[in-house]
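What follows is a set of notes on a single structure, which appears directly below.
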Amino acid sequence: MEQKRTRNPNGRSTIYLGNDGYWHGRVTMGIGDDGKPDRRHVKRKDKDEVVEEVGKLERERDSGNVRKKGQPWTVERWLTHWVESIAPLTCRYKTMRGYQTAVYKHLIPGLGAHRLDRIQNHPEYFEKFYLRMIESGLKPATAHQVHRTARTAFGEAYKRGRIQRNPVSIAKAPRVEEEEVEPLEVEDMQLVIKAALERRNGVRYVIALALGTRQGESLALKWPRLNRQKRTLRITKALQRQTWKHGCSDPHRCGATYHKTEPCKAACKRHTRACPPPCPPACTEHARWCPQRTGGGLVEVDVKSRAGRRTVTLPDQLFDLILKHEKLQGAERELAGTEWHDGEWMFTQPNGKPIDPRQDLDEWKAILVEAGVREARLHDARHTAATVLLVLGVPDRVVMELMGWSSVTMKQRYMHVIDSVRNDVADRLNTYFWGTN
């Protein structure tokens, strides 16, 4: 027989024995998305269990972190929803590519089967997962990047009430040794500039060393952004290669001809970089071969931040080098005739098309070899430019504007002490302690 119930005040929880022989609990959690009261129901054989569950719901409600109604989400479902429907609204292309790799290649295969509301209490699951990644041969930096992606994704789940706490913010991230950057010394810079100016687009690398432009910013420079009267250069865009997407209805079948079924042999000469792994059974990649491909190739995008949109005044010699380069490009344009693609790019292929970032990187490596200078990343040119500003004693505010930094804290990452500065300090100490009064 159903236990007689008295009407509780609005918002109060109710516990009663039903005709079905089960104890029932009903808790008002707030207002649902449809504007109606969000009333949760608990059903158990034992009254104490119902009392306990009702208490949990009440504490959840009172804390302000109410879980959404409906079937509990798995980690896979949430990560897929986040990376496909939430992150793209605010993230740039390269950031999204990193998120997609972390989610689809690592997080979903490793943790996707867990229930979202249960894994929140087990940060150790993530720590064990990172350890498995590293033990499988992946670099700690890769595991650390996956950790950062998971922290962001689960942080969004917390904000939206899917979980009551972010387990990834508690989990220990893999330790990553910070890569030591050695900017080029003055003598090396001079050798690099000399070797670069022997090549078609050599001024592009002089700009990188002198102004600290990022690779994409350098390749996206256009002639209309050069102010010849004021001798300034406006930096507002970046050039990047984006991945093509299938425009067809059956991506797997479309790319079937290019599916890799076996790993490369030990003495593989086909790939200049690391050999790619075999394709998964349901591979939907190889979109660049799709006749209806969309959204890929070289794309001009906005610079990374508002601070990145900047105007720099050119040193006289650099300005003259740019004008000389313009004349040489004009001769190339006349020689190419109708084959020339006029995109107003400052640095181009012989037919006027923009330069691919990979081709640009290969050119940089060749310049270093020709100059007899040690190996250095192309981005080290930006570190070198920032360090030169340090040596020259340029005020922090001016450095921020020239480099396109949004925060002065970037100075700690980009400015380095080079040998000439160390030697100067040693000379000063020598004079102070052992010099003649």
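The backbone N, Cα and C atoms fix where each Cβ goes, and this holds for glycine too.
These come from Swiss-Prot:
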DOMAIN    73-158  domain 'Core-binding (CB)'
DOMAIN    179-428  domain 'Tyr recombinase'
ACT_SITE  R214  active site
ACT_SITE  K245  active site
ACT_SITE  H379  active site
ACT_SITE  R382  active site
ACT_SITE  W405  active site
ACT_SITE  Y414  active site, O-(3'-phospho-DNA)-tyrosine intermediate
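Annotated features taken from Swiss-Prot, shown on the structure.
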| residue | record | Cβ within 10 Å |
| --- | --- | --- |
| R214 | active site | 20 |
| K245 | active site | 15 |
| H379 | active site | 15 |
| R382 | active site | 24 |
| W405 | active site | 21 |
Subject >> Alpha-carbon distance [R214 (active site); R382 (active site)] in Å >> reply: 7
**OP:** Fill in the CA-CA distance, K245 (active site) to H379 (active site), as an integer in Å.
**Re:** 28
Subject >> Composition by DSSP (helix, strand, coil) of residues within the domain 'Core-binding (CB)' (73-158) >> reply: 70 helix, 2 strand, 14 coil
Subject >> Spatial separation of R214 (active site) from H379 (active site) - C-alpha basis, Å >> reply: 7
Original post:
Which three-state DSSP class does K245 (active site) fall into?
Top reply: strand
**OP:** Translate the DSSP assignment of R382 (active site) into the three-state scheme.
**Re:** helix
**OP:** Round to the nearest Å and give the CA-to-CA distance linking R214 (active site) with W405 (active site).
**Re:** 12
